[in-house]
Amino acid sequence: MNDTKCTDEDEHFMLGTADSIEVLIYFLCFAVGGPLNVIALRRSLRAFRKHRAKSPILLLRINLNLADLCTLFVYVPKQIIWMLTYQWYGGEVLCRVCSFFSTFSFYANSFVITCIAIDRVCGAYNISSLNAHRRAYLRCRRLLVVGWAAAFTLSLPQAAIFRVFKPYSEKDFRQCTPLWTTFLYEKIEELKDVNLTELERTEIQRSISDMQQLEKLYNINHLLFVFWIPCIIIVISYLTVLFILQGRLKEALSPRSTNPGAIVVSTIHKAKQHAKRQATWIILAYLTFWSPYNVLAVLNMTRTLSDHHVFAITLSFLNAAICANPIANPLIYGVLKDDSKP
């Protein structure tokens, strides 16, 4: 009995400590990332208004800032409040609204970064075109419209799935939880009825299995669109950029080339070096902050992990780590550099 008691106390202490550290991570993301992105957004908007020829790079940066601010000022505060109270006090409407925007912010972030990657490919392909700048701005606008619309559409199910649930009739305890959690809780409670016939018990177990499959399909779809598909597009895009620039460099160095060799070689070489550096940092940052959580989530869905308790704590920490990405983004994309050089 003493061993059991000691284990329980250690478990409660670990959970309490883990929660405190996680809240601290969210708070630091909010305290550092919030002002950084607000300053970056103001500088980008000022530079955008100042340039007569609208810069596609600035347009992309502004949208990335907006996506990051949505994460920092909607999702992060909601997580902090929930972890400090472990209850939902916001009511049904706010539950659905917050669930929508929490998911929307992550989709938007991934899709805007994907738009930037696709724009880099088109920019590298048209590096020698005089009309490329005008076309690039229109192309970025179209890409961003598609990206934001996709984020909005894919987030809509959250408003239908999440709802306020009160599991205990004798306690005033509420949670904003997905419908399958509510469904499974109610069905498991039904299974406790000793008067159930074997047929009724089998039917309940079948409905539980069906709901678990639905939850799994939804989570797979979410992981694919929020990370894996954007990640594949980003990696392919930047590899394509490097191949295009390598081909242009070889063409410029060719004796049969009619281009002004030295200038073209210098321009393409600089563009190639810049693309290499930016591609490296973008991919590293995205994979560093996002892939641990998404890889672990896939392992959990395939039941590769055996210790659910350790998994739950680790996954929660990795989810908080994703919120540090908005701190890195303004620095990677150079939002804080000289406004006159977009």
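Including glycine, each Cβ sits where the backbone N, Cα and C put it.
According to TrEMBL:
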| type | residues | note |
| --- | --- | --- |
| DOMAIN | 33-333 | domain 'G-protein coupled receptors family 1 profile' |
| TRANSMEM | 23-41 | transmembrane segment |
| TRANSMEM | 62-84 | transmembrane segment |
| TRANSMEM | 104-122 | transmembrane segment |
| TRANSMEM | 143-165 | transmembrane segment |
| TRANSMEM | 223-245 | transmembrane segment |
| TRANSMEM | 279-299 | transmembrane segment |
| TRANSMEM | 311-336 | transmembrane segment |
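Taking every listed stretch (62-84, 104-122, 279-299) in turn, the largest tally of C-beta pairs under 8 A with the transmembrane segment (23-41) is reached by 62-84. Here the transmembrane segment (62-84) has long-range neighbours at 19, 22-23, 26-27, 29-30, 33-34, 37-38, 40-41, 44-45, 48, 98, 101-102, 104-106, 108-109, 112-113, 115-116, 144, 147-148, 176, 320, 323, 325-326, 329-330, 333, 335, meaning same-chain residues at least 6 beyond its ends whose C-beta is under 8 angstroms from one of its own.
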